[in-house]
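*Asks:* Positions annotated as Cu cation binding site by TrEMBL: C65, H69. Positions annotated as ADP binding site by TrEMBL: N470, A471, V472, K473, D517, K533, S548, L552. Under the heading ubiquitin cross-link, TrEMBL lists K716. Positions annotated as domain 'Histidine kinase' by TrEMBL: 350-589. TrEMBL lists 614-731 with the feature domain 'Response regulatory'. Under the heading 4-aspartylphosphate, TrEMBL lists D662. What TrEMBL records for 20-41, 53-72, 92-113 is transmembrane segment.
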Amino acid sequence: MESCNCIEPQWPAGELLMKYQYISDFFIALAYFSIPLELIYFVKKSAVFPYRWVLVQFGAFIVLCGATHLINLWTFGMYSRTVAIVMTTSKVLTAVVSCATALMLVHIIPDLLSVKTRELFLKNKAAELDREMGLIRTQEETGRHVRMLTHEIRSTLDRHTILKTTLIELGRTLALEECALWMPTRTGLELQLSYTLRQQNPVGYTVPIQLPVINQVFCSNRAMKISPNCPVARLRPLQGKYMPGEVVAVRVPLLHLSNFQINDWPELSTKRYALMVLMLPSDSARQWHVHELELVEVVADQVAVALSHAAILEESMRARDLLMEQNIALDLARREAETAIRARNDFLAVMNHEMRTPMHAIIALSSLLQETELTPEQRLMVETILKSSNLLATLVNDVLDLSRLEDGSLQLELGTYNLHAVFREVLNLIKPIASVKKLMITLNLAPDLPEYAVGDEKRLMQTLLNVVGNAVKFSKEGTVSVTAFVAKSESLRDSRAPDFFPVPSENHFYLRVQVKDSGAGINPQDIPKLFTKFAQNQTLATRNSGGSGLGLAICKRFVNLMEGHIWLESEGLGKGCTAIFIVKLGIPEHSNESKLAFGQKMSGHGQTNFPGLKVLVMDDNGVSRSVTKGLLVHLGCDVMTVSSSEECLRVISQEHQVVFMDVCMPGIDGYDIAVHIHEKFTRRHERPLIVALTGNTDKMTKENFMKVGMDGVILKPVSLEKMRSVLLDLLEHRILFEAM
């Protein structure tokens, strides 16, 4: 085929323009149809656009325009060239603008949506802040009201004022029509209308506490709305056809006073509540707000706290009044006890003197009679009289010692003495009684036991005499062994005496004494009772022996004074008994000087008579005066007797070496006589030695004797041997004060 190098003919100008219009109409229609779709998407996503119908109308218009241009694709006709150029230009421009608008909307719509979303977010945040500010303002207002109410409530501790103030302040703060408080009755089965806002003296209406509405409120710690028609809400009658306002009720915990203790905190009962009822004004559309209910709940709690404080105050005041009454009663009882003790001591002092005076005569005359020639039968009678009299004197001493121990007036008189001699003297005193019962007494003193000790010799000897005497008294046959040794540290503690805490040191030691007998024995259950006054073991042997009387009771107190411990051990009836006591004694610093002093004292007792010793005896009791004179005459003294203080001052002279004067009780003129004698004889070597004969064992007596310048005191009764010993010590040391 032969090739052709020809050029294709160009399109006619009119046909080319039509082609451009055709293409432009197509793109215009496409743009018009896409724009409504974008607007529909925008409206759907935008929740804040207010004119949706305008967009719908605009979308319809665009769709119609697009449809028109689409239809133009099939309605092309023949036009003039100028018109065709203008139409082509306008359609091209329309197509460009439409496409540009459609493309622009694709980019703008997300930005528009984000702007609207931020505006909505800010609006929501602003609304939320407004609500929070409102809550804050409400809370501040509520807090202010709570503080004001709390201040008013706490301004007093009177329960009635607290409750009345609470109702008034709540009514004023919340603009209430009525406010009331229902209090539980004493039985706890009912609630009684006790306080109201509007009524001065509310009638005491009562409702059962088991009502469902009451149980519902009591089971919750929140303020609850209740029906205006329930029994606790009928606070005042409705007038006319007004509708009652909303009513709320809240519980108020009450202090359970039965659990209140003076030394402990009271307990809050979980079952005891009061009921507070609050009513809004009648015929009002007002309702309870949350912050108002919170205010009511807080006030109810504050009222509970204030009421608890008031209850504690009231109970404290009652406890204080009760305590004051008890203190007054105790003070009265103390005064009565002190009066009774003084009366007892005065009685004992009088009876002591009155009993010692005849005992003095009996013992003195019996000791004088014992110095005469008597038949064996007469001598046995005299010895029996002396033993019975000494036993009676011991009993009197025990009664007085026990009385002084109980009132705390008895104190130990410490001194250095021969400890071994005390044990030997006790055995010498007990052996005559034991020999009558054919009992053997043995004494075992440990080699390491100090010969001399510091302590109260009289009280230790009295304790030993009681313990050994009981062993002899309650034994019919066999032996009584006395053992004394220094207690070791490991053997001091005893589980039976938890209060006994021995503390060893270099300046003292603990003496342990064991007295074992083969007597009737003791039931272990009866041992603690024997240390009480007038205790008796209920065995036949014991009843025949007369019981333990005051001996062990006094021994226990003496041992306690000497910082010791005493107890009994027995395996049972008929198996004997062992009495053990531990006492604290001091160690003398200069033992050689003590031995020398005791040796000189004992060697001086070899002298028996005092020939030519001029003695003046003053005693208002004739029998006692004669007895004392008889003792002194038997000892070889030249005796003059007087019966009154005036006669004594008149006849006394420098020739008299010793003056014995009876001093019945403290405050008698015997003290004045001693003072007058000192005034009459200013020089000591010219003044006679003044010795008081007394039956009073009070410590103050000895101190008063020393104050007025007396040289000695002798406690009645006085035997012949005692008078001899007194004169020996008095003439040797020119002073003698017997332990009181």
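Cβ from N, Cα, C; glycine included.
Automatic prediction, not curation, is the source of TrEMBL annotations.
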*Asks:* Could you say which of the recorded positions K473, K716 has its Cβ with the most other Cβ atoms inside 10 Å?
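*Replies:* Result of the Cβ crowding comparison: K716.
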*Asks:* For V472 (ADP binding site), identify the closest of the recorded positions C65, D662, K716, judging by Cα separation.
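*Replies:* Comparing Cα positions, the candidate nearest V472 (ADP binding site) turns out to be K716.
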*Asks:* So among the binding-site residues C65, A471, V472, L552, who's got the most Cβ atoms within 10 Å?
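*Replies:* That would be A471, with the highest Cβ count within 10 Å.
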*Asks:* Ten-angstrom check, please: count other Cβ atoms within 10 Å of the Cβ of N470 (ADP binding site), all chains counted.
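*Replies:* Step by step: centre on the Cβ of N470 (ADP binding site), count other Cβ atoms within 10 Å, giving 24.
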*Asks:* Rank aside, I only need the closest one: which of the recorded positions C65, D662, K716 has its C-alpha nearest to that of D517 (ADP binding site)?
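*Replies:* Of the recorded positions C65, D662, K716, K716 has its Cα closest to that of D517 (ADP binding site).
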*Asks:* How many Å separate the Cα atoms of the residue listed as 'ubiquitin cross-link' and C65 (Cu cation binding site)?
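*Replies:* Each residue's Cα considered, the residue listed as 'ubiquitin cross-link' and C65 (Cu cation binding site) end up 154 Å apart.
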*Asks:* I need the CA-to-CA distance for N470 (ADP binding site) versus D662 (4-aspartylphosphate), whole Å please.
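*Replies:* N470 (ADP binding site) and D662 (4-aspartylphosphate) have their Cα atoms 35 Å apart.
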*Asks:* Applying a 10 Å Cβ distance cut-off over all chains shown, what neighbour count does D662 (4-aspartylphosphate) have?
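*Replies:* That number is 23.
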*Asks:* Rounded to a whole number, how many Å is the Cα of A471 (ADP binding site) away from the Cα of C65 (Cu cation binding site)?
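*Replies:* On Cα coordinates alone, these residues lie 145 Å apart.
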*Asks:* Name the one residue among K473, L552, D662 whose Cα is closest in three-dimensional space to that of C65 (Cu cation binding site); these are the recorded positions.
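*Replies:* With Cα distances computed to C65 (Cu cation binding site), the winner among K473, L552, D662 is L552.
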*Asks:* For K473 (ADP binding site) and D662 (4-aspartylphosphate), determine the Cα separation and express it in whole Å.
*Replies:* 36
*Asks:* Going by DSSP assignments with H, G and I as helix and E and B as strand, what are the residue counts for the domain 'Response regulatory' (614-731)?
*Replies:* 52 helix, 25 strand, 41 coil
*Asks:* Within the domain 'Response regulatory' (614-731), what mean pLDDT does the predicted structure show?
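*Replies:* When the pLDDT values over the domain 'Response regulatory' (614-731) are averaged, the result is 82.
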